[in-house]
Every structure is written in structure tokens, then in C-alpha cells.
Amino acid sequence: MATVRLPDGKELEVGSGERLEDVARRIGPRLARDAVVARLNGRLVDLDLPVDGGGELEFVTADSPEGLYVLRHSTAHAMAQAILELYPGSKLTIGPPVDDGFYYDIEVNGRISEEDLPRIEEKMREIARRDLPVRREEVSKEEARRLYRDNPYKLELIDEIPDERVSIYRQGDFFDLCRGPHVPSTGRLGAFKLQSVAGAYWRGDENNPMLTRIYGTAWPTEKQLRAYLKRLEEARARDHRRLGRELGLFTFAPEDVGPGIPLFLPKGETLRHLMEGFVREVQTRHGYQHVWTGHLVNERLYARSGHLEHYRDAMFPPMRDGEVSYRLKPMNCPSHMTLFNSRPRSYRELPVRYAEFATLYRYEKSGELSGLTRVRSLTQDDAHVFCTEEQVQEEFARALAIIREVLDAYGFTDYRVRLSLRDPEGGKYIADEEKWGRAEGALRAALDAAGIDYEPAPGEAAFYGPKADFMARDVLGREWQLSTIQVDFIQPGRLGCEYVGEDGERHTPVLLHRAVTGTTERFMAVLIEHYAGAFPVWLSPVQAVVIPVADRHLEYARRVREELSEGGLRVEVDDSPNSMQKKIRENARQKTPYLLIVGDREEEAGTVNVRRRGEGKRQTEMGLRGFLERVRGEVAARR
């Protein structure tokens, strides 16, 4: 006999060999029906596991984040089984759960297009109806290699597993190399939908074979699936790539200019200017000084900072000038440290706060490029604060105030903080235990002092230090990583940053890396989708369009534009040959905040007929001075 303790403190005696699914049935039929896995002594396990040792026990249902993860993982297995039944001879690789769904990369024996997805879905439903038990087996690596003797992808994975035994999950005739856990049977899969087909290189390496990647989503109920698909439809309507084209904001010319290099049209450049100007204004108010450090950097600087060793794959190839190799700049911090080192520093000067809107270049793989969210040419709202260890909390609070003011102005008030830490087992970090410990301690203390709740995320730190990432939700509830604050005890020492302390001795400053919106391009994509292209008045590239009723009113329309433009508004005149009604429709599609209709009456009175976005055909006659003050008020309030 053994004893298990439930979350409510109740204890249960379990017999030898009794399985977790049996314990769930003893507690109640509803729990037995809803549980997908269990947490036993802090570890997620399958329900058919015997409870021989006892301990702390909690059952996990599909409506919890962990249960949903398991449900989606199991649905990926069902999809893989369906594909093997429909396309015999196909080779499985990996099929993990991801945000809102799952995918599986497969070397398909044949070809799968999106037209084939309904047939695969139907086969998955058939597998669910079979209600096949899902069982875990542990086998030797030798046995696993025998099972996968014709699958080089799985053999590669098996060779990388450090243990002598590996786990296999079986359901009917299907089996897959997997750590698990999984749902008890295929009848517990819930509602699912296959969504798209794409190409993906094995392990993301362009030198490896191209595989077929099939994406899907899975939810506990049909109602939840329908709600998600509705949100997805809304997201497609807000897709920044489509809206950016329709609103004349940006374009791409991959053949002429290159993939991943966005080109901004006049309205897009205006939007960039407004976004960056807002951040510049706020951080100037908080004591930051703006600098400029160019586009090219001697490669030796990145060797000293550690970037060349840890970041080389994300850099463009070097350009050689005699004995010197230059790199397109992928980050600003080494250049800002060079500025700090340009003259002797005293403790009286600290903190020194540098900010820069710098164009950076990162060699993203072509398959990972996506609109403005993943580009090769990007503009980062980067800042670096050189301070003493005692000033870290105060400077963190200052950076936090900037982040909050900017995100709040855009309506991002629902965000959480992820504390990205080093994974001690990972090899991608600069090795210095003492400095890592001090950096993590300083960042935790700063978060605690600011009263911020945070979730640790091991393995997500930068190679030189921990960071606090601000994860914000947009109007559709989607989460985006926007702002970040990093604490760095390592790079300043590597690049020789020093100041003379109050004691007359030389000291190395602490470096805070800080970004408010991340990159201008990615944040613009987020804003386009957040607002569905209907930017608030202060942010709209064009705030008003003057529409003449007839050609004879064009001269007055241009005088209106001139007066409002002199007052600081961004105004255009629609002098196209279209009818007035078509002009109204076309400019409404451009999501212009104000349409100003002018005809005989308005010209005689010196007024405009104002039609505001979102208010239908309602019009209000206003004098130019009154309209100007109205818009100025909205801009001042950032509405």
C-alpha cells in the first residue's frame, strides 16, 4: 500500500499496482472522464502509470494549459498516424505542440497540399473513433534503432539521446519516439482542425532535406474550436501584410532589393517617424541622450564583446578591406560601449544613458522571414545605461516608467513579465558564474522592488545576461514580446569600460540594455493588427482628407488643406476624377480618421462638413479653427 496526497489535502490509500486512472475513477466519474494526465510528485505522467511510490498527486484536465499542451501533442500523433495510413512509406521527424496548436514535419511519400487536409482530418476522426489505447514503452536504444532502421531522421534523434533507454508511444499499429505524456486513448482527442501546409528544412537548416510541415489546432470542445477559428478569421482580416499593402504603408521587392528588406512608402515612413518620435520624446524626458553609430563595425569589436562567437550565424558575411574585416551591424551595444570609452569617466557622471534608433542587419533564414515581424533590415529602439551596481534598481524603475507610458498610450495594458534566465546546461552563454549570479540577483531585486510579478524562463536569457521580457496582449488576446530590460555584468569588462570611483580606483560599470518597442518594423506590424489599420488620430499618417463636392470646389479644398497643414495637421485633398460618393468610400477604406466635405455652402461660410471614422454618415459642420483645435486636443491626449 502507498499513500497519495491530493491538492485539497485529502489522503488516499492506493494498492500495489493500482494505476492513476483507477485512482481518478475512485475519486469520481467526472474526473475520470476529464483527466488527460496527472502530476505525480511534480512530474507530468501518463494515467496508466502505477502509483507504487505514492506522493503528491494532482490530476490535469484538458482545459488547463498543461492539459491542453498534452491534448495537442496527442493530436499531432493522431495526424502522423493518419498520414502513415494514407501515405505509406512516409517518414516522420518531429511533431511538437506550439502556441494554439501543433505541427508535424514529415518526409511524405507523395505530395500533400491543402486540398488533402479534409481527407487527413477524416482519417484522424476515424482513429479517434477507434478509441485506441495510448501506451508508453521503454526500449533500449538498440531496439529503437531497429524500429527506425529505415528512418534517418529518427535515428539521428536516437543517437542524441544520452540515456541508454528511450520511450516509444504506441496506439494500435502506430508508434512514435516521444517523451510524452499523452492522453489515455485516441477517443479523448477532443476537437481539431488541420490548417495549412508548408515546407520546412530538417532542423531549420537550409542544407538539409525539405520536409512537409502540416499545421493544426486542437481544443477540448467544438465550441472552443469554433471560437478560436473565429478569432483566426478576425486575425486574417487584420493581417499587417495585407493591410500594409492596401493602406500604402510598405512593400517588398525580394527580386530587386532582397528578401526580408521592407521598403516604406510615404505613409509608412510617416508612421515610423511618429512611432519613433514618441519614444524619443519620452526617453529624452527621462534623461536619455540620443546617439548615432552608423552601419559598419570592425569585426574585431564583436570578437572582443563575444558576439562573434555566440551570434555569428545571425550576422551577414564579412566585408574585407585589406587586413580588416567589417560586419553590417547586428546590434548596438558594442558601439555604445565604444562611445562610453571615448573619454575618461567619473562616478559623478553615472548613470550615462545612450539611446539610438539604429538600422541593424540580421541574416534571418529565408524560410523564417515573415512580413514585418521577421526581417533582415530592422530598426531597433535601443538604449544602454552605464551605471553602478547600486543604481541598477533606480535605473530599472526609470526604464519601466518609459515602457509603461509608451505601451499604455498604445492600449497595451494587459502584459506579463517573463524573467529570462540562463540554462546552466546550455552552451550558448558566456561562462562566468559569479557575474551571472550577480546579474540575476540584481534583476530579481529590481523586479521585486518595482512590485512586478514575473515568471522565470530558464534558457531564454541573452548570451551575456538575464532579461525581463514584457509580453503584451493585443485586442485579439494574442501575446507579443515587446519591451525588454537586460542586466549585463559581462560585456563592459570585456570591452574595457571603466570609471573612476569615489575611492579613486577604477571600476567596471553595470550595463542595462533596454528596448521599449523592440524593432520599429515588428512593432508597426503589431500596431497595424492591433488597430486593424484604423490608427488613432495622433498616429494616423493622414489625419484628414478634404473632399470637394465638385471640381469648382477644388480651390477652396486646397485652401482648407493649407490652413489645417499650417496648424500642424496631416491633411490631403482628394482631387481624383471620381464622384464625391466614390471618394468618400475610397477614403473610408483607407481608414482616414476625418473626411471633410466641402461644397458651395461650406465655401461661402468658411467651414467644413466633418464625417468622423466609425460614425457612419453622420456629419457635423465646423469652422476650420474649431476643427483644428478638436484634432489638436486628440493628438495631445494621444487619442
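Positions of Cβ are set from backbone N, Cα and C atoms, glycine also.
Here the structure is a predicted model, which means the values were calculated and not measured.
Among the features that Swiss-Prot reports, domain 'TGS' is placed at 1-61, with the record citing sequence analysis. If you look up Swiss-Prot, you'll see 239-536 marked as region 'Catalytic', on the strength of sequence analysis. What Swiss-Prot records for Cys333, His384, His513 is Zn(2+) binding site, and it gives sequence analysis as the kind of evidence.
With DSSP states grouped into helix (H, G, I), strand (E, B) and coil, the domain 'TGS' (1-61) comes out at 14 helix, 26 strand, 21 coil.
Comparing Cβ neighbour counts within 10 Å across the binding-site residues His384, His513, the minimum falls on His513. Counting only same-chain residues six or more apart in sequence, the Cβ atoms lying under 8 angstroms from the Cβ of Cys333 (Zn(2+) binding site) belong to Ser305, Asp382, His384, Asp488, Gln491, Leu511, His513. Mean model confidence for the region 'Catalytic' (239-536) is a pLDDT of 91. Note: the Zn(2+) site is recorded as Cys333, His384, His513; in the same chain, Met331, Asn332, His336, Met337, Asp382, Ala383, Gln486, Asp488, Gln491, Leu511, Leu512, Arg514 also have Cβ atoms within 8 Å of that site's Cβ centroid.
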